[in-house]
Amino acid sequence: MAGNTIGQLFRVTTFGESHGLALGCIVDGVPPGIPLTEADLQHDLDRRRPGTSRYTTQRREPDQVKILSGVFEGVTTGTSIGLLIENTDQRSQDYSAIKDVFRPGHADYTYEQKYGLRDYRGGGRSSARETAMRVAAGAIAKKYLSEKFGIEIRGCLTQMGDIPLEIKDWSLVEQNPFFCPDPDKIDALDELMRALKKEGDSIGAKVTVVASGVPAGLGEPVFDRLDADIAHALMSINAVKGVEIGDGFDVVALRGSQNRDEITKDGFQSNHAGGIFGGISSGQQIIAHMALKPTSSITVPGRTINRFGEEVEMITKGRHDPCVGIRAVPIAEAMLAIVLMDHLLRQRAQNADVKTDIPRW
């Protein structure tokens, strides 16, 4: 199976399945001499891991990461960093009844069409369980970007179902189970989630991720535009069906005189473009949004077929998230960090000696 690696200079390759023995990844391109411990990675893993609230799947995985290589006496050596997380709470028996049935809205049908077989236990490689390793690798990138360049990456939920959320207080995001920045909407989210659990249904969500302190000049022309790579990275997250950079699809209703980010001697006067022009960072905040579909793993009966072509009624059993957007916040942060880390290393490799006299803000 190809497609397990992202990045050029900062490269992350993941492996493992939902109900396998373990998940792992290899991180290449980490500069030497960076202080790094397992505790540095664990914080974001704890934010993503299942079973931490009544609003997410009750699969209880400690997600304790192990650093297998690439770190000596507490600092990175410049060689490949191997990371491993053991799976400890698999319940494969929950899936034995559906081994011949294609769950609607899942990758069961497409995986079998592609490979001629599939690991039906929790979705195998297509499970969002894989994203634990992205978060671990992303934590390395976030640490480097923060300590060496002052770049801060943070994400939050900005919509659940038909409930829009305003970014009113970033400090609130880590104080509630929804990663919600809007204190006026937390009760409404709680009510919605309770109703969904009672109905056995699910709901979609929108997640916003913001990078501050990104220098101007990151990104490549044409095919490796910074916004293209960010969109690629975010679209690779399970259940993501749409990505916007800056104002995204809202620009359709704007005129050029409204949408252009005008510049004065004091800097940019707006940020409709999300901090990227011509595929290259402008030095403004980089802002991206992603839309996540409602999970198809619900107890509401639905129609599908089995591998013999027979129509059957499907009710998904097991432990699942009523809204996958909640735990997607640290995953989105990780993927943005991985892309920025890669482009920063590429910029340093090619254009380290470039100096300009034009203003920076």
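Glycine is no exception: its Cβ is also placed from the backbone N, Cα and C atoms.
Model, not experiment: these values are computed from the prediction.
In Swiss-Prot this protein carries:
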- ARG48, ARG54: NADP(+) binding site (BINDING)
- ARG125, SER126, SER127, ASN238, ALA239, GLY278, LYS293, PRO294, THR295, SER296, SER297, ARG319: FMN binding site (BINDING)
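Shown on the structure are the features that Swiss-Prot records.
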residue: ARG48; record: NADP(+) binding site; Cβ contacts under 8 Å, 6 or more apart: ASP63, THR131, ALA132, VAL135, ARG327, PRO330, ILE331
residue: SER127; record: FMN binding site; Cβ contacts under 8 Å, 6 or more apart: GLU17, SER18, ASN238
residue: ALA239; record: FMN binding site; Cβ contacts under 8 Å, 6 or more apart: ALA128, LEU292, LYS293, THR295, VAL324, GLY325, ALA328
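For the binding-site residues listed here (THR295, SER297), the lowest count of other CB atoms within 10 A around the CB belongs to SER297. Around the Cβ of ARG125 (FMN binding site), the number of neighbouring Cβ atoms within 10 Å comes to 19.
When other Cβ atoms within 10 Å of the Cβ of LYS293 (FMN binding site) are tallied across all protein chains shown, the result is 17. In the three-state DSSP assignment, the secondary structure recorded for LYS293 (FMN binding site) is coil.
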